[in-house]
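Colleague: After the C-alpha cells below, expect a handful of questions from me.
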Amino acid sequence: MSEVEFAPPPTPDLESYGPNVAYNRERCYQLAQGFFKDAVRRARERHERQKELKLRLENPELLSRREQIWSHSGKLEAKYLRFLRTKEELSNYTVVKTIGKGYFGEVKLVRKRQDGRVYALKRLFKSEMISKEQLPRVRAERDALAESDSEWVVKLFTTFQDNASLYMLMEFLPGGDLMSMLIKYQIFSEDITRFYTAEIIMAIEAIHNLGYIHRDIKPDNILLDRGGHIKLADFGLSTGFRRDHEKSYYQTLLQRPAPPSGRPQNNRHSVNIDEISLTVSNRAQINEWRRSRRLVAYSSVGTPDYIAPELFSTNGYSFEIDWWSLGTIIYECLVGWPPFAAETFHDTYRKIINWPHTLLFPDDIQLSYNAVHLIRSMINAPDARLGRNGAAEIKNHPFFAGVDFTGLRRIRAPFEPPLTSDVDTSAFPVDDLPQEEGFGDGGGSGPGREGVAVGAEDPEMSLPFLGYTFKRFEKSYTA
Amino acid sequence: MSNLFSGISLSQASQSSTNLSIASKLPPLPASPSLSQTIGMMGSPEEALNAYPLPRPLPVWLNPAYARHIVKGNFMTLSARPKTVDKGEWVAHQVVEHYRNLWNFVRVVFEKEEDGKTICNATSCPRMSAGMNHSYTWLNNRFEPIELPAFEYITLMQRWISGKIDDTKIFPTEASGVSFSYNSQITTTALLTGPDEWVGKRSGFPKDFFSICQTIFLQMFRVYAHLYWAHFTEPFYHLNLEKQLNSCFSHFVLTATALDLLKPQELEPMQPLIDLWAANGTFPPESKAYEYANLKAGTRLLQLGGMA
Ligand SMILES: Nc1ncnc2c1ncn2[C@@H]1O[C@H](COP(=O)(O)OP(=O)(O)OP(=O)(O)O)[C@@H](O)[C@H]1O
Ligand SMILES: [Mg+2]
C-alpha cells in the first residue's frame, strides 16, 4: 500500500495576486484578530458576572429575591446581546444641543430614541484625520478608553462610524469642564485647588497605570460629573494627531523668522522682554486672553499653554509630560492664568522652551511656600520633575498633607452643578456654539446598513478605521 | 475508495438542493448516524482515515502543521450560553457573530481586483462544491435544482441570510422585549413544553426562528467547506491567513454542534478536519464536536504529520 501523504505546502506567493489583495488580506487579518480579542474579553467579563451572580444566588439574605436576581441577570445579558447585534447609527439619536467643539469634531448632547437616555456624542470627521502614520495610535487610544473602567475616565459606551465620521457615545457629564470653571471664578483658593489637583493626580495615575500617556491634559479636557468630581476626557482619537500637528506647526515656526511684530530671533534678550509683559497690572490683556480662550479651544491648533517642552523636541518624551501639564494647571488655578500665557502661540512656545527663565510668580498674589514649591517641582526638567517616579511622590508633597487620596470621590466637591433636568446644559457655552438642526452636514443621511453588500464598501470595513467599533456592557442599562 | 462506503451513494447523499425561501418547510432530514460514527467503530487509525473519500495526496489543510489557530485555550468558553440567558437570544447572537466572521473570509475571495476579476469566479469554481463528492445545487423558481458557480450560489445565499438577520420580526432588537432562561430551582413560572413552546418564544422570536437558524448554519457550513476545499491554498495559505480561517471555523463548529444548529451527518465534507481537531485537543472531550469526531482518523492525520 502506498503511503498517504499531504500535498506539499506550496511556497507562499503573494505576487500572483492583484494589488487589492494586500489590502483585503490586511483587513481580513485584523478583523479575525479583533474578533477573538473582543470575544475573549467579553467571555471573560461574562464569566465574572456569572460568578458574581452565583454568589448572590447563594447568599441566604437574598433568598427571597433570587428569582428577581436571576431574571434581571438574564435580561441584562440579553439586552447587551441585542446591543451587539444591532447596528448603531446616528439616526438612533436625537440632538438636544451642541455642547462642545474641537479641531476634529464636535460634542453634542443627544437622546437615544429607543430608551430616552441622555448621552454625550462626540463626532470626529474622518477626512480630518486621514494621516496614515497616526492610525495605529488611533486604535491604541480608542482601546485605552474602551478598556479603562476607571471612575476617573469618562465612560465610553460605544463607538460607531459612517462614511464621513467616527462617533464616540459617552456618558454625559453635566458639570461642564474645568475651563468653564476657571473662566467663571478666575482664581481658586488653595483648598479648592488642592481638591481638584488631588483628583487630577488620581485620574492621571489611573491612565498611566493603563500604560497610556494622555498628552493633552488641560482645563477643557477635565470634565465635571453631576457631583462636581472630575473625569478626564479627550484622550481618544484626536490628541495624537493634534499633538503632531502642533509639533510640525511649531517646528515650522522655529525655522521661520519671527513675525514682523516680534523681535529679531537672534536677539538673546527677546525672551526676557516677552516674559514680563503679562503681569497682574496688565489686567486688560488678561481679560482679553480669558475671553479668547474658548475660541482658541475651537481653533485648529489649540493652545500650547500646557505642553511640556520636551514635546517640542525630537528627543522623545514619556509619562512625565502629563505631570508638567498638571503643574501649569495648578499655577493657573492659583494665579488666574497659565504660567506661559502670551499674546501669541509663538511667544508662549518660546516661553515654554525657556521655562527656567520664564516661570515667574506675580508679586501681588500670595501663594504658600508649599504651593510654589510644588509647582516648581512639576514645571521642571523631565529628569528632575516630580512625578517621574510615579504619582506617589506627588501625593507625598507637603502641599497635599492630610489629603485622603483614595476617599476623594466620597467627599463633597467644592462646586456641585445645580441641575434642573437631565439635559441641563447651563454649564456649557452653548450660546457660543453653532446650534444647527439635528446633526448638521453629513450626518444622518449616511447609508444605513444593507447587510454586507457585496461590492459596495461598508464604512466599517474600510481599513484605516477597522476595529474602531466598540460596545461596552452596561450594568445600569434600563428596561 | 474503501468498501466501507458500500450502501451509501455518496453523490446522492450529499447532493443537497437549496431553495432557501422554502427551506424551513422542508421535512427534517432523517437522523442517520454520522459517517464518522459508522467508521469509528471498527478498524485501525489508518483504515479509519482511508475510509474517507479523500484525494491523494491529502489536502494541505489536513496537514496538522497547517491546522493551527491564532487562539490558545478553550474555545468553548466563547460559545457557552450564560445560564440566565434565553436560548433564542444566545442563538441569535451566535448566528450574527459567525455570519460576520465567515463573511470576513468570503470578502477576500469575492472582492474585485483592478481587472474586475474575483478570486472565486465562474471559471475557478464553476460549481458550489466542497471537494469531489459534495456539490450543492440551488432550487430555481420552478423548484428545479440548478447548478450555479460558487460565486453566484454564495451571493444568493448571502442575500437570503442578511435578509433574515436584518428582519427585526425574526431577529428582534428592541431592548424592552428581552426575557431570560428558566431554572426550575429558581424561577417559579413553569417551563412549558409542547407545541406552543419554541426556542426564543418568550423573547419574541418567531416559531420558525430556530429552524431558520439551522438553515443559516447549514448554509454557512457549506461556504466554509467550499473555502477549505477550493480556496485554502489560494488564497488563504498564500496570504498567511490559514490560522485565522482555522480559528473562525473551529469556533463555528463548536458553536454549531453545542447549540444543535448542525447535525453530525451535516459535517461530512469537513469530517477529517474535525477528527484532527478532536485528536489534537482543539475540541475538548466534553464538547459535542469531539463526540461527533472519529478519533482514529484524527490520530492518523497526526501520525502522518509527524505529530503523534
Ligand atoms: N462626555 C462629555 N460630557 C459633557 N461634555 C463633554 C463630554 N465630552 C466632551 N465634552 C465637552 O466638549 C468639549 C470638547 O470635547 P473633547 O475635548 O472631548 O473634544 P475636542 O476638544 O474636540 O478634541 P480635541 O481637543 O482632541 O480636538 C469638552 O471640552 C467639553 O466641554
Ligand atoms: Mg478637548
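Note that Cβ sites are derived from N, Cα and C of the backbone, with glycine treated the same way.
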Colleague: If you look at how TrEMBL annotates this chain, which of A:240-275, A:420-455 comes out as region 'Disordered'?
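Modeller: Result: A:420-455 is the stretch TrEMBL calls region 'Disordered'.
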Colleague: What is the average pLDDT across the domain 'Protein kinase' (A:93-400)?
Modeller: 79
Colleague: What number of additional C-beta atoms lies within 10 angstroms of the C-beta atom of A:Lys122 (ATP binding site)?
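Modeller: Step by step: centre on the Cβ of A:Lys122 (ATP binding site), count other Cβ atoms within 10 Å, giving 26.
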